[in-house]
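K.L.:
Quick one: the structure is below, questions incoming.
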Amino acid sequence: MSRRIIPVADVSAIPDYSGPAHAPRGELTDTLARPLRDLRISVTDRCNFRCVYCMPRAVFDKDYPFLPHGALLTFEEIERLARVFVDHGVEKIRLTGGEPLLRKNLEFLIERLAALKTADGRPLDITLTTNGSLLARKARSLKDAGLTRVTVSLDALDDSLFRHMNDADFAVADVLKGIEAAHDAGLAPIKVNMVVKRGTNDTEIVPMARHFKGTDAVLRFIEYMDVGTSNGWNMTEVLPSADVVARIAAHFPLVPLEAHSAAETAQRWGYADGGGEIGVISSVTRAFCGSCTRARLSTEGKLYLCLFASSGHDLRAVVRNGASDAEIATAIARIWHTRTDRYSQLRGSASATPDASEPRRVEMSYIGG
Ligand code: SAM
Ligand code: SF4
Ligand code: SF4
């Protein structure tokens, strides 16, 4: 597969997004030679859960200033931006939020995105991360619309602990029904994400492993991260992935597996008895910034270059000011070419506790996981 590379020297400094009418297409690389391959699109900043590590109820209460409807990118705007991103080398789109299944008629957006093709004519990998609450109802229509696969978040099997963690009194059984419906609809391979918070749900590591072992769902353990500023994050509540692996291996021997690709965020481990695999995402203890090919488009159309960024680039303004596709492509190229972000790598060599004097980081529920 041949791709045109646009050298960094081809573009001048941002934030002047306006550019020549003949905007570049083809692969982009940032200042650390990382290509742009994955686009995460947040379709809503709202959620029906109040997970303690993401949208604590004390902050995300009835007075929280969620975005008004007019601020959201429309499906037409999302599709248009996505098309330009795909021209620039994006091969995978993940819909997220907030809870993406709360966005009305999401299937219409998926249909539009599913019609896009990569530069060499392949269909995109279109996936979605969900809390699973509406999945049992929607799995079939999502699949029919062109969704390739799905990632479901589930932090515990113990019902009362799960209800405590989602703080919306939502039952485990209903998420499990959603996972089953996704399986039946052919949204495979299903990934199940468990955020591990030491002292809160680490007792669920082995029960979760036991539950999903031998199924075609791949369970992934995510280190609790210092995203945003509202979850009261503390390093003492992070359980390193190495401990997760050790705890599981004490019950079910594990063998390391090769990564599917260099950009894969999870390290893979297989059950020695052939019972499938797990993944660990060590965002805190083993940064993977060097291979980070992800851009994030917020619900209101701001482009963020890192999960831990405190500001984004306003692509909605570019679109709504009447820019041509070529001008949008130029803007994206200029932004990506200047990207220097590697937050987790830098955090790894310093004190991980956020400093109150730092600029306010964007919230996970706004930017998407
Ligand atoms: N609402 C959907 C869900 O929960 O799957 C999609 C959005 S949610 C922000 C995306 C992912 O981010 C979820 O798997 C969630 O568990 C994870 N997440 C949220 N806050 C986190 C944190 N502080 N550390 C690690 N993962 C987090
Ligand atoms: Fe909602 Fe997902 Fe955040 Fe939980 S992790 S509060 S489900 S956005
Ligand atoms: Fe990518 Fe930022 Fe995460 Fe590093 S910290 S892997 S640059 S999103």
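Glycine is treated like the rest: Cβ placed from N, Cα and C.
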K.L.:
Given TrEMBL annotates Gly98, Ser153, Met225 as S-adenosyl-L-methionine-binding, which of Tyr53, Tyr64 belongs to that site as well?
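P.N.:
Matched candidate out of Tyr53, Tyr64, per TrEMBL for S-adenosyl-L-methionine with Gly98, Ser153, Met225: Tyr53.
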K.L.:
Taking TrEMBL at its word that Arg40, Arg94, Lys191, Arg294, Ala295, Arg296 bind GTP, choose the one of Thr129, Thr130, Thr229 listed for that site.
P.N.:
Thr129
K.L.:
Among Cys54, Cys306, find me the residue TrEMBL lists at the same [4Fe-4S] cluster 2 site as Cys289, Cys292.
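P.N.:
According to TrEMBL, the candidate sharing the [4Fe-4S] cluster 2 site with Cys289, Cys292 is Cys306.
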K.L.:
Among the binding-site residues Tyr53, Thr129, Ser153, Met225, Arg294, Cys306, which have a Cβ atom lying under 6 Å from any atom of ligand 1?
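P.N.:
The binding-site residues passing the 6 Å Cβ test are Tyr53, Thr129, Ser153, Met225.
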K.L.:
Relative to the mean position of the Cβ atoms of Cys47, Cys51, Cys54, the recorded [4Fe-4S] cluster 1 site, which additional same-chain residues have Cβ within 8 Å?
P.N.:
Phe49, Arg50, Tyr53, Met55, Phe60, Glu99, Asn131, Asn166, Met364, Ser365
K.L.:
Taking only the residues in the domain 'Radical SAM core' (31-258), give me the average pLDDT of this model.
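P.N.:
A mean pLDDT of 96 is what the predicted model shows over the domain 'Radical SAM core' (31-258).
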K.L.:
Which binding-site residues from the list Cys54, Cys292, Arg294 come close to ligand 2, meaning a Cβ under 6 Å from one of its atoms?
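P.N.:
Listed by sequence, the hits are Cys54.
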K.L.:
Rounded to a whole number, what is the top Cα to Cα distance in Å among the residues the record ties to S-adenosyl-L-methionine, namely Tyr53, Gly98, Ser153, Met225?
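P.N.:
Between the outermost Cα atoms of Tyr53, Gly98, Ser153, Met225, the distance is 17 Å.
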K.L.:
Enumerate in sequence order the binding-site residues Cys54, Met225, Cys289, Cys292 whose Cβ-atom distance to ligand 3 is under 6 angstroms.
P.N.:
Cys289, Cys292
